[in-house]
Amino acid sequence: MSAYAPGRPIALGDLAAKKAAGEPIVMVTAYDYPGAQVAEAADVDMVLVGDSAAMTVLGYDSTVPVTVDEMIMLTKAVRRGLTRPLLVADLPFGSYEASDADAIATAQRFVKETGCDLVKIERGGTSVDRARALVAAGIPVVGHVGLTPQTATSLGGYRAQGRTAEAALAVIDSALALQDAGCALLVVEAVPSEVTAALMPLLEIPVIGIGAGSATDGQVLVFHDLLGIYDGGAAKFVKRYAELRSAMIDGVAAYADEVRSGAYPAPEHGYAMPADEAARLRELLAGR
Ligand code: KIV
């Protein structure tokens with residue numbers, strides 16, 4: 001039996017119940033209204049409006065340039081498509097790091113304007129203080145450790161983290177500090193499964209993995225990666241469950257062919273005027 005009743009909106013406590021029951025938590029990203037509806041219909045537990053939107057839907061070459069206004073617009077669209085899963089919004093790079101006041105002001109905008117349930121911030125270090133301040137301000141927070149794409153340059157690029165014992169310890173310490181700061185949930189990205197195995201017994205909050213092996217309490221993947229929509233390179237941990245990009249190209253190409261050949265639109269795609277009105281129109285035009 002599921003740890004929570006089907007049908008009603010998922011609450012934070014339900015995730016803790018899932019963790020306790022050993023039931024995997026399913027999270028996926030979404031960036032628009034139809035994507036949210038797909039996630040809802042697929043019965044996921046949580047939807048993340050990740051700043052991966054910068055690359056997957058806005059065409060930037062990293063997550064760094066995306067703005068608060070852009071993320072808010074996307075998150076509002078996702079909110080309109082969701083009723084049951086919990087909604088998490090990524091605070092973009094540069095919108096929360098400098099001070100607790102910045103973090104609270106940005107997160108409050110997200111909560112008020114988008115209706116998201118939680119916000120996600122990246123890294124340990126100063127982000128631990130930001131997390132604590134957000135929690136004190138009444139905003140549930142998801143931490144994110146391991147590969148943190150907003151600061152990928154300082155991590156040596158988009159590569160697995162925690163591959164030496166010292167580096168692994170740093171990931172574990174950040175995770176523990178974020179838990180201690182009151183984070184409701186943790187995302188762990190691109191770390192060896194040995195690091196996850198060492199981390200899991202130390203954490204009480206639910207942990208969602210992406211490229212962190214199978215020992216976490218749940219998994220998250222990027223919508224455009226798992227459905228094969230995104231044309232950019234995919235990380236090692238991505239598994240494609242569909243090839244929608246090629247299906248989309250085929251569909252648009254077939255439409256283009258039919259417009260060029262005149263096969264589209266056919267009579268059934270148009271509207272007809274009642275015959276008497278058409279006759280009257282001809283008379284009116286003739287009388288001009
Ligand atoms: O931005 C994003 O999509 C993320 C996930 C990869 C966890 O942060």
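Numbering starts at 1 and runs along the chain as it is shown here.
Any Cβ shown, glycine's included, is placed from N, Cα and C.
Caution: TrEMBL annotation is automatic and unverified by curators.
Quick caveat, the model's predicted, so the values are computed rather than measured.
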Per TrEMBL, which of Lys18, Lys19, Lys120 sits in the 3-methyl-2-oxobutanoate site along with Asp51, Ser52, Asp90?
Lys120
Asp51 (3-methyl-2-oxobutanoate binding site) to Glu122 (Mg(2+) binding site), Cα to Cα, whole Å, comes out at 11
For the recorded positions listed here, Asp90, Glu122, Glu189, which shows the highest count of neighbouring CB atoms within 10 A?
Asp90
Running a distance check here. Ligand 1 versus the binding-site residues Asp51, Ser52, Asp90, Glu122: which have CB less than 6 Å from one of its atoms?
Asp51, Ser52, Asp90
